[in-house]
Amino acid sequence: MCGICGAWGGSTHNKASIARMAGRLQSRGPDANGHWNDSELNLALAHQRLAVLDLSPAGHQPMQSPCGRFVLVFNGEIYNHRTLRAELEAEGGGFEWRGHSDTETLLAGLRHWGIDEALQRLNGMFAFALWDRQERCLILARDRMGEKPLYYGHAGGTFLFGSELKALTAHPSWQGQIDRNALAAFMRDGNVPAPRSIYQGIHKLLPAHYVVVSEGGQRIGKPTCYWDLGGIAAKGSDSFLDANTLIDQLDHRLHEAVGLRMEADVPLGAFLSGGYDSSAIVAHMQVQSSRPVKTFSIGFTEADFNEAEHAAAVAKHLGTDHTELTVTPEAAMGVIPNLPTIYDEPFADSSQIPTYLVSQLARSQVTVSLSGDGGDELFAGYNRHVMAPKLWRQIHRLPRPMRQAAAASLALALRANFLTSSARIPQLGEKLEKLRDALLANDGMDFYRRLRAAWPNPDALVRGADDLGSMAGGSSTSSDALSLREQMILADMQNYLPDDILTKVDRASMAVSLEARVPMLDHHLVEFAWRVPDQFKVRDGQGKWLLRQMLYRYVPKELLDRPKAGFAVPVGEWLRGPLRDWAESLLSEDRLRREGFLNPTLVRRCWNAHLTGRRHGHAQIWNVLMFQAWLEENRQGQRIQ
């Protein structure tokens, strides 16, 4: 795992400016750094290395091809690099290997096969930039599922790219203007959806795409998709497959995916929450390891948020070398001041806090950790995947006036706390508030988006937002081709997974120089999951049926079956207590009016409703606070004009 960045055209890129860009990425790669530049072309590339494979200098970057035509900076891992190297040797070409790094294999593959064929052959997580001296173009590419980030765009006439925005903002040409439509989308979703970023003119490269930059960095081509997830979904499932065959196939494919991700020349372990996904990963690690796998979990002193005992029970059954840390509220809240630096564009998934803490714990013993992320998206694991299609089937039959009346009645009940004052369902009030808005949906996917939205009308909250429709997100596949559940899962894979889940994991782990690998997102496993019929994903009102049946081969049901809890912290309670003064300083009406981004009246109304208990849950106000904290940090660093 590493950090990459570069600049082309515009102002002269001296060693100090490119070193400053790379230095912002040091936590992504603390082991070594390298720079390459062509003063004639005014092109510079830089790399920060976290050494995981081939720890020798033979793996250092930027890496130049023996012929001198290509220069590569690469972030990530190519898990099938040994197979690719064997294929390259079998096809000839006189390769003289300097070491055994996957970077060298990737560079040779790009040179031998070209960008299109090479990308088809790769199995990995990656973001890279390849300079082609002959064609005088720079090619940027990103992995299929979006595990590794890549930002790019123009600033002051200079083309810039980097693993994180903080690298771009360090360049002397940087001119940061907030994109108000992107800000409105953030308030709605809790993240800035690709391909936009929080800054005008700066983009995220979409997963499974590459883009060609030419003409001295002044021309950015249209991104090319090399793996079509929507097309894979539209092909449909294999209805002739039986349950036992599917369980066997999943077992085999996950075993292979985990095995590929266990190669490392440094210590390796895994996150373990005791849920289905992480338990499945650790089970397959342990059967392929000759020694106890190092596993890591955190617990909280608040009983409603503590899953540590479940993780410990699974670890004991599997025989892992388990480390558990109980986190106090003070320690968890201590992470919050660092969030605007860790997540260098606004990001408001509050599980960012425990994700950072468990990454920090793992890094104390290992350099690489496997994660169970992706299982919910592959196998319909979120509650909304099960409940939303059922609800919509009932709701859309009702005349719109009746739905409007039901929404109004639900609003009255929520204001009076009739439904939530004694409820024991986590975040029930927040879920009911979303349902109230979703009752007014126009179609199934509109219903889904309303259920997910924190602020249902963010263009009223963000001053100057005028084109939120261009950032609607979601699947572009025809509704005729997929069921509502399949459309929801596809939208999650294309948007929520890369823009929220994988962003959270990447930034939290890289902040402590830990490489996180996600076996569930092996593209062969993703393609397999789309061939699994719906009845093997959702059964008896519960998702992940197929994954659970496979996992029961390794871990007893009684250790696993319990209500889905998520990876949460009691942010709502903290905001009414120890975090109240911090929040008040960021949400003052004078401050909001002076900054000019948010409607002070709406923000204060939301904040007061939260303090008095009239608003249930914390998502709306947490989104506002994460933007305000980010704005404060970046204005102080002069990264926003």
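All positions are counted from 1 along the displayed chain.
Backbone N, Cα and C atoms are what each Cβ position is placed from, and that goes for glycine too.
As written in TrEMBL, here are the features:
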- Cys2: active site, for GATase activity (ACT_SITE)
- Asp102: L-glutamine binding site (BINDING)
- Ile298, Ser371, Gly372: ATP binding site (BINDING)
- 2-216: domain 'Glutamine amidotransferase type-2' (DOMAIN)
- Asp373: site 'Important for beta-aspartyl-AMP intermediate formation' (SITE)
What three-state secondary structure does DSSP assign to Ile298 (ATP binding site)?
strand
Three-state secondary structure of the residue listed as 'active site, for GATase activity' from DSSP?
strand
Using the alpha carbons only, what distance in Å do you get between Cys2 (active site, for GATase activity) and Gly372 (ATP binding site) once rounded?
21
How far is it from Ser371 (ATP binding site) to Asp102 (L-glutamine binding site), counting Cα to Cα, in Å?
21
Which of the three DSSP states, helix, strand or coil, fits Asp102 (L-glutamine binding site)?
helix
Provide the three-state secondary structure of Asp373 (site 'Important for beta-aspartyl-AMP intermediate formation') computed with DSSP.
coil
Quick one: give me the count of other CB atoms within 10 A of the CB of Ser371 (ATP binding site).
27
So if I draw a 10 Å sphere around the Cβ of Ile298 (ATP binding site), how many other Cβ atoms end up inside it?
26
Restricting to the domain 'Glutamine amidotransferase type-2' (2-216), report the mean pLDDT as a whole number.
94
